[in-house]
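According to TrEMBL:
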- 185-220: repeat 'PPR' (REPEAT)
- 194-352: domain 'PROP1-like PPR' (DOMAIN)
- 221-255: repeat 'PPR' (REPEAT)
- 291-325: repeat 'PPR' (REPEAT)
- 326-360: repeat 'PPR' (REPEAT)
- 396-430: repeat 'PPR' (REPEAT)
- 431-465: repeat 'PPR' (REPEAT)
- 536-570: repeat 'PPR' (REPEAT)
- 549-692: domain 'PROP1-like PPR' (DOMAIN)
- 606-640: repeat 'PPR' (REPEAT)
- 641-675: repeat 'PPR' (REPEAT)
- 676-710: repeat 'PPR' (REPEAT)
- 952-986: repeat 'PPR' (REPEAT)
- 987-1021: repeat 'PPR' (REPEAT)
Amino acid sequence: MDGSGFCQSTGWGGAVRKVRISSTCGIRPERRARILVRANWDDRRRYRPDIKGQRRRVDFSLKKVNDRFKMYKNGTLAPDENALFTIFRDYSSLGLPDKVVEVQEFMESCGFELAGKHFLVLMKAFIKARQMSKALDCFDEIKARNLNVGCYFYSQLIGSFGRAKCLDEVRFLKKMVEEDQVKLDIYVYNAFIDAFMKNGDTKGAKAMFDALAAEEDLVPNAVTFNTLINGMARRRDLNGALQIFQAMQDSGVKADVLTYNSMIDASAKCNDTARARKYISEMAEAGIKPTTVSYNSLIFVYTNRRDMRNARKVAKEMEENGVPQDQITYNTLLSGFAKRGDVEGCYECFSEMLRRKLEPNTITFSCLMTAFVRRGDMDGALEAVEEMKSRQIPLDEVAYNTLIDGYAKVGDFDSATQTLKEMDASRFQPGTITYNSLIAGFGKVGRVEDARSLFNEMGRRNVRRDTVSYNALISAYVRVGDIENSVKIVEEMKKKRVRVDATTYNAIIDAYAKKGLFEEVWTWLSHMNEAKVKPDFVTYTILIDGLFKAGDFDAAVDVYEEMRKQRQPMSLITYNMLISIFSRRKVLNKVHSLLADMKREGVMPDIITYNSLIDAYCKSDDLLKAVETFDKMLTENVKPNTITFNTLIEAHVRQGDIDGGFMVLEEMRTHRVRVDGITYNTLLKGTAKEGLIQDMEDILAQMLDKGIKPGTITIAVVAEACVEKRRLDVLERLFEKLRTAGAKPDAMAYAHAIAGFCKADDTEAADKFVELMREDKVEPITHVVNALMHPALSDNETAKAIMDDLSKNGVDPSVTFMLLVDRYASAGDLPRLLHLIETWKKSDLRIDLYPYLAAMNLLTKTSKIKLARGLYADVKQQRLKPSLALINSYVEILCQGGALEEAARTVEEDVHEGNEEVVMSYNILISHFLRLRYLTEAQETLKRLETRSRPNVVTYNTFISSFAKQGEMDSAVSTFQEMKRRQIEPSVVSYSVLIVGFAKRMQFDKALEFFEEMLSASIQPDSIVYSAMIDVFAKTGNLAR
């Protein structure tokens, strides 16, 4: 039940009316303060997670209490009622009910009468020890002794049960006071409301509020409203909190600091920054100074959205307003930096924390560890662990889980397993979170069996498998492309009534989207809707990204618009993700729309946002806009990083503006941003392509001085530039520098250098580089082999030795030849391909059909019969069996050259019986006969085909097309009918030829007849058919159709 239920209560009106009469309710200020503290204890505990579960600090030890009690028991000290009650209370505070009972019995033996306060202390001891039935049994004893217990007793007891999360016992007490017709005061009502809200029983809290409103002499006070608002905040029910806050204001009860803090907390938990800010302003206007808790909640909102700039602004505002920053302030900031993997931000915050003499705790170090883990730096995480140990701060469950998660993410499963064993040996047992991290880790590296094994182990060890566990396993299967098993796990979740959430559906939808199976995507979105699971921003992001990759830009934009329409909660990371997608696709209007939304929502762009935007402008060749964006980020105090400058340099270089690239480099140095290998490689490639040899040498020298080695592709580009500019002297000098610096050129660079020297007829230099390549033990690739095959190196012994070494080093040289064949064939370089075949034949390697087929395919575009005949004869001379593909290419060339009889003879002699694809060879012959209008020869070829194989639809389509072109539509239809009688299914081409033929001859009824037949056969018409039919309908006056 949400907060709206309270507004429907008839109790609100009465409460408002009575509070206007007397808002003070007759409560003494000191009493009110005590109740406020008690009612909002959970609020303080929430902001002090480091003390959760720890014992309250006391100024005594168990030994001291035991010693004192022993002195009374053995008669050393005379019995004293007040002193014994102190011992009685101390044992209760320590949660030792047996000792409390022992003191009780001793007091009674000494003749002291027990009062209600003694039983209250005893019951608290039982509650603390989780012995609830014994606590309730005390009521029978109280009744048996006729002890008069007042409202204070009940309020204290209800509060104890509420804090202990004992909802059944709270309900039992409610029933008891109703049966005994106990007259309750405001404290008891508030205690009941607080207990119900703490345990999520909004209905019970509403019932108590209604009962309070029905009282003649009692009215809800600030504590009542604060308790309700605080409960709504815990439930993340902002609407409920707002309604109660409004009712509080309408009733005339003045909101205090706790009220505002609860409202800020509710806004924070619902990610409503603007509202949280509004309440801080309202506090100042009402003369209430915001507290540390107020600002901590606001900082939490920003860190949750990973907006660390605004989070730091709030922390600075605290300092300016004289509000002290506490341990929680810094831990919240640390948590925000950690989520971003910002180690520098974490350490800056940590140092500031120590300067303010605030002691770090387990949470502090867990945040530091998380930051390192996010960055994949496990050495840094272990340093944080060592620092913890040096400060004698023990690792808790969160710390162990963070380490295990980190090891799993970097794929160090040995260390993860070792940490798991250490955790098992400690007082913390591996739980659901622990196993989930490991399952997710194994899943990310494709180790599905290991992930499944851990999942099964959870069941054996009775560790609860939650939605995250199942989702991690689903993601593991999805990663290896096993969608079938992923779907089975979803079905298992449903059977075991494990909640299937948006993440579950997102994993399946993402898997189908990546494969382009959008029919399945829409089906699973439908399942998601049926299960009443709302798509989240991840769902929309998957759809947008998938549709963009599939080329369906309109649909992607529609999904984005739907996302905006649904008012999906958008954090900084969400905006950055969408801006990145639209930027990569250069959809700048949507990028601008997102930036406007960010501004309206008060989400400040960060470095990731600006980098995406600059990258989009650069890829769109709009350098002016990119520079304007760069200037804007500087005015917004967003510090550019290496990626920012590298993007701008790359854009300048791509446009041939090398000077602009160097200017950005100077700006980069001015901002003291690290210049990395990408920066230098980009400039090096740019100067090389522009032929700026001197600049190229200078950049390479700077790189090597800084210990940065150029990439292999960059070196190859540099070598190519030197060759093109005929600066072979520079090339020799650069290679020497590179080899000295330990940045040995790769095979591609050597290939360019050797080829360059060969082209320049500098065989001496070519020989030298061949020797250097052999000395550097560079494994030859196709480009190297290509260079070595140059005539200038035909007598080079080293070149021959390298070719021989290919086999010795386990590299199959034929593979190299094959790659060269592909290269020449794709480039249409027939002379080089024929030269390669000759070289291959002269080598000791056995040649196969592949280069011949590639060459023959190229010859089909040239109709050079003489060359084709030579190649075909060579195939037979090499004792290679011609493949059907080779024969067909050869037959095509012969037909193109008019040698149809030779082509027919080749088919008859070389195409073997029983080959189902023989029909293709005959189809080529039939096509050329019909093209020359040799109908008789075509028909005879068809008969020969029928003796060896079954004609296919292409065969008949060739005849139908030929008849249609000659205007012989009756023959075309007759052939069409013959094809159908032979149970050969007509294709879209069959119908298309007939429909177009009849349409051209104004036989519209025939065209329409075949169009209707085509549709009834469920054959989808193509654009040619539609164009013809539009013409038919237009000419027959059927404009509607």
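Backbone N, Cα and C define each Cβ position, glycine as well.
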*asked:* Cβ under 8 Å, sequence separation of at least 6 from the ends of the repeat 'PPR' (431-465): give me the contacting residues as numbers and ranges.
replied: 397, 400-401, 404-405, 407-409, 411, 413, 416, 420, 423, 472-473, 475-477, 479-480, 482, 498
*asked:* If you average per-residue pLDDT over the domain 'PROP1-like PPR' (549-692), what number do you get?
replied: 84
*Mind checking how the repeat 'PPR' (676-710) divides into helix, strand and coil residues in DSSP?*
26 helix, 0 strand, 9 coil
_Just to be sure I understand, if DSSP states are collapsed into helix, strand and coil, how many residues of the repeat 'PPR' (606-640) fall in each?_
26 helix, 0 strand, 9 coil
*Residue list, the repeat 'PPR' (641-675) vs rest of chain: Cβ under 8 Å, 6 or more residues beyond ends.*
607, 610-611, 614-615, 618-619, 621, 623, 626-627, 630, 633, 682-683, 685-687, 690, 692, 695, 706
*Sequence-remote contacts (6 or more beyond its ends) of the repeat 'PPR' (536-570), Cβ cut-off under 8 Å?*
271, 502-503, 505-506, 509-510, 513-514, 516, 518, 521, 525, 528, 577-578, 581-582, 584-585, 587, 590, 597-598, 601, 603
*Under the DSSP assignment, what numbers of helix, strand and coil residues are found in the repeat 'PPR' (536-570)?*
26 helix, 0 strand, 9 coil
